[in-house]
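Quick look at what Swiss-Prot lists:
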ACT_SITE  473  active site, proton donor
BINDING   333, 334, 573, 574  substrate binding site
């Protein structure tokens, strides 16, 4: 395996402080650390977050991911002048292979003296609570007096909202300090322990004032002499209170002391080895194209790891991962649809954990359904740790009218329920995990199916699904949204299949499910192949969207039109019917997929970061490789592009997952259809070769393909469909793609053969 690449920050700019703090964030799924600088800047947002640690700041506030006390900040004073701002030379990079962030700066003070300041840090991959930092200072041309102040700064807030009360701060011996904090509702405790080790002849003292516990280290350096400070941090949190606070804090301190017996480099080596093993089983390599393409793939996989709480099935992946406070750290449908597939095909145990998060929160979903007059489980549109609905009731206030508009998503964007069921079936078909599907999976499928059965309304002699919002959030409160109806039917059908297969004794459910499937009316494909998005969409006027599409992601349409006006036009925020074609490819012919893509894409602004990748995958399945690659590239630039504020409040986690989706499900053509693994590869002309690992039903596959051939190596014999034809691979096989001609652009092969 070649080594993953690095991400470099080309130059220092205060305009991109928070963008790169997100892009270069570090973590391990347990905690996330923004790549803020050691020195302070007014516009800089520091951030450190623990997966699952949410708190509500007060009445009327929403549960949000808690921004912890800062441990990165360091005030560096050289000859009394505080280090900040201007730099003579600059280099900062994040090494995806090891997760280490490195910075080298040459700084000159006001009197012209020069200093090299080098810092590096990592969040441990093998000891989840551990962060290690190192900074070195070297005078270049004159002696210097150096003072470094660093420790635990508990003045950090979530944009002014304080979640933690300081319980206790202590200093132990000459090198150890600890701060203990409790959420203001008294339910969770956080212990942050620090150890600072400094080389050379130094003087040290401590201060504790205004929620800051700091160690101050001073040294006199000659020109060319280097001062090195290594800082280790151990962060524990709990919400069970099984041990006394002092006992629990002491245990945390002992863990730090054990780490302190090793150097920074020794700790880094262990973490890097953990990363190496992880990359070995997951890295995607591409030959050809621009260097950006490989970097984007490495970037995506790196962040997919650090955002995922693989250690804790009571937590899931937030819309911004653990890189910022956007969306308050809440979990959306993004997790099941855009993020879970990566884990499903690389480490199914993680996918199982993410689904068990939903299973643990079934009671809250059942209660939400009950409160709204339905049966089964209605999962919250936004969730945190408890499983309760966390979507704000109102959006931002209109400063001209003084009115707030209700947030409609939690009221009607119910497709999330079927999305979770879809993910359960994807997991079941990919792994064959009977213990899961017979217990947690069955519960999720039955309860979500019961919701749809009760959610449908009778119109004459048929059932319909009314007052919903599909993935296109610019079209609200419509009847018979195609995505919602098709996914609801799929949900109920799969629940019925599993109930029968595993001997469910609920005869009443089976009868109701059968009647639902028989009577549910489904939006019908028109003679031109287009599936209407809902009952009213086709009757609405279309407008020229060119200027809005040019500013995709900015929602500039809402500067010219109200939401109510947008709702009455053929304007899509993101893929809707095209999203359905992606989710259930076996149910649609290639001709229909192509017709939908050609009809809906010109009407789609792509104001959601979720949109372009899905269009790209469907375009690839339709053989439109130039368009598909363009969508994929534009999707990679949602965060990595030139916009200086593209991800100030955290990366777009789903768009990051979609980079993997586009390469594997788009260009490699990987999909699961009716319980079978399909590969329908079609590389863009920019790529000469694509190689990737894949997990399927207990087998580890390595797939390498180019324009003419596909090589598959497997750990055990496996059957799959290559361009629709069933093949069996044992050990390693090479196939000429010319021998596997794919009918009409590669979608719904079985259906086309039937037709």
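Cβ coordinates are placed from backbone N, Cα and C, and glycine is handled just like the others.
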Write down the Cα-Cα distance for the residue listed as 'active site, proton donor' and residue 574 (substrate binding site), rounded and given in Å.
8
Checking the binding-site residues 333, 334, 573, which are within 10 Å of residue 473 (active site, proton donor) at the Cα level?
573
Given the recorded positions 333, 334, 473, 574, which one's Cβ is surrounded by the fewest other Cβ atoms within 10 Å?
473
If you count Cβ atoms within 10 Å of the Cβ of residue 573 (substrate binding site), leaving out that atom itself, what do you get?
20
Using DSSP and three states only, what is residue 473 (active site, proton donor)?
coil
Around the recorded substrate site (333, 334, 573, 574), other residues with Cβ within 8 Å of the Cβ centre, ordered by sequence, are 332, 471, 473, 608, 610, 611, 654
Longest CA-CA distance among 333, 334, 573, 574, per record bound to substrate, angstrom
16
Using DSSP and collapsing to three states, where does residue 334 (substrate binding site) fall: helix, strand or coil?
helix
Helix, strand or coil at residue 573 (substrate binding site), per DSSP?
coil
